[in-house]
Amino acid sequence: MATVAEFRMPPETFLLGAVFESYPDAVVEIERVVPTGSTVMPYFWIEGVDGETVRGFLSTVAEFETVTVVDSVCGRSLLRSKCVGTHEGLLGAIVDSDVTMLSAVGTEVGWRVDVRGDEQHAITAFDRACRDAGIVPTLSELTDAGSAAIEGAPELTDRQREALTLAYERGYFSEPRTTTLEEIATELGISRQALSNRLRRGYRTLVESHVLET
């Protein structure tokens, strides 16, 4: 049975974690990872810092052969990078295993990585591959991949529901607002950037579930 797993990992898990050392307000979302021979090409979104600034910074990191800003939309920038010799570590575990990366979002606090395996043993093998590469992932959620598809649409995760509910109860959606993202994030014990990203994903899930035709 297909299984989806959510892992938590430290910031340095990805090469892109170097961004957080210089730009702690940054939020990085991996769009996809394309293996090309001896190199890997991650496409990723960046917010909280200018895309050109990040491009210039990563150009000084030896493992990045090229970094290009592909697009900029609503305060977010899509970048394409070419990394040399990165078939090790987490990227190698993803490329070489039988799991599919659904999402990977990082902040200065760490990464949340969602992967799907056709069988649960694929998730176990991915976890083992990470540990063999010196990465210690923390499994935070394990679900049946088909459970959300029963109604034909994605569902909110527990964390998205918690964040949206608290934001509503505290008056974040009121006019005028009676709270701020910083206050809600403090109550949840997460960073402002992590909360902003969690809410955005929640909005998207709600639109896909209740607005778009399925």
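Quick reminder: no glycine exception, Cβ is built from N, Cα and C everywhere.
Here is what TrEMBL records for this protein:
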DOMAIN    8-133  domain 'Bacterioopsin transcriptional activator GAF and HTH associated'
DOMAIN    156-207  domain 'HTH bat-type'
With DSSP, how much of the domain 'Bacterioopsin transcriptional activator GAF and HTH associated' (8-133) is helix, how much strand and how much coil, in residues?
40 helix, 57 strand, 29 coil
Summary of DSSP states over the domain 'HTH bat-type' (156-207), given as helix, strand and coil counts:
36 helix, 0 strand, 16 coil
